[in-house]
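Peer 1: Okay, so TrEMBL annotates it like this:
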COMPBIAS  257-266  compositional bias 'Pro residues'
DOMAIN    5-111  domain 'Gnk2-homologous'
DOMAIN    119-232  domain 'Gnk2-homologous'
REGION    245-270  region 'Disordered'
TRANSMEM  277-300  transmembrane segment
Amino acid sequence: MATANTYATVCGKTGKYAANSTYQQNVQSVTTYLVNEAAFSGENGFAKTWEGAAPDRVYGLGICRGDTPDNVTCYECLTSAAVEVSTLCPDDKDATLFYDGCIVRFSHQDFLSSGHNEPEVVVNGTNKVNPAAVANSFDVLVDTLMNKTAEHAAAASDASHRKVATGEALFDGGDSQTKIYSMAQCTPDLTSGGCINCLRLEMDKMALRVPGVLGQRVAGLRCNIRFEVYPFYIGEAMVRIEGTPAPSPAPSKSRLPAPPAPPNPASQPSKGGIKNMIRIVAVSAPLVLLLCCILLTIIWTQSRRLHKRILSSQLQEVFPPSTEEAIMLWRMEEGRSELSMFEFSQVIDATNNFSEGNKLGEGGFGRVYKGINNIV
């Protein structure tokens, strides 16, 4: 585990101290105490103290990661901080160094009595969950895991009194599965309530992360919280969560046929459109019926005319043209006489098609037939 590299440094802007001054001597005394006390005198990897009198009084705090397996690792990290502070924050009266294995701060301001978590830093990962469609499900599982891990850390009361917890969850992204690893820690001097409140404030900041980001940490002087998609802590997970499967991405076209396109709203008749259609049908139906009647009348009329032409041709075959002219004269006289004119078809019916049985004889006008029954 690397302990000599800082991931964040916060140098105060409240003033500088002179070389070889009383303040510098007090800084050296405080850092020496923090290294020895946190690494060797106690078992919780934590120490806090102050040295000197105002205005040269120096307050200091140091804490090692709760999963540190031995005192040597804690000692190396705190020693690196004591040595590098003069380079990273030269002559600053207030300096905080964040290492992967420990956090150290010294200041001329009394930050020990307040219990505040400042300064805080937020470090985000650069990669994101893939596919992006499952980012929301991934974030929900991360938040659940971080809450459980924070609660476990706040309630921790092992022999070393370290308020620390680690966690693990399996995220099912459909095409692949990803393990999520978590860690939460508070300084041992915080109560359980103070610890969970501190961690929840950090989780509020964590919730502002980019959706689906694969890794983040929020670290402060009193508490810190972190998750990654690779193992970063030592030991077994103290909290385990069975991940809820994420909704599968939409199937590709090669797997399933494309779903039917949604109906075009423009093609769906509205209530007003239905009413208009009813009006159109109500108006057009009588017109269609009228057209049908006219068409049938035309057909009937043409049929009558054709029938008359056929009868006329038959009449010409039986009677010579002079007789046809006489018939026309008879029709003209019909209106002025009691005699009646009959259609040729009626004569055919009455004489049984000019049968020999109905023939009376022949005279100057030709054959004479009698008509019975059908002539009224």
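Including glycine, each Cβ sits where the backbone N, Cα and C put it.
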Peer 1: Per DSSP, what is the residue count of the domain 'Gnk2-homologous' (5-111) in each of helix, strand and coil?
Peer 2: 38 helix, 32 strand, 37 coil
Peer 1: Restricting attention to the domain 'Gnk2-homologous' (5-111), give the mean pLDDT.
Peer 2: 93
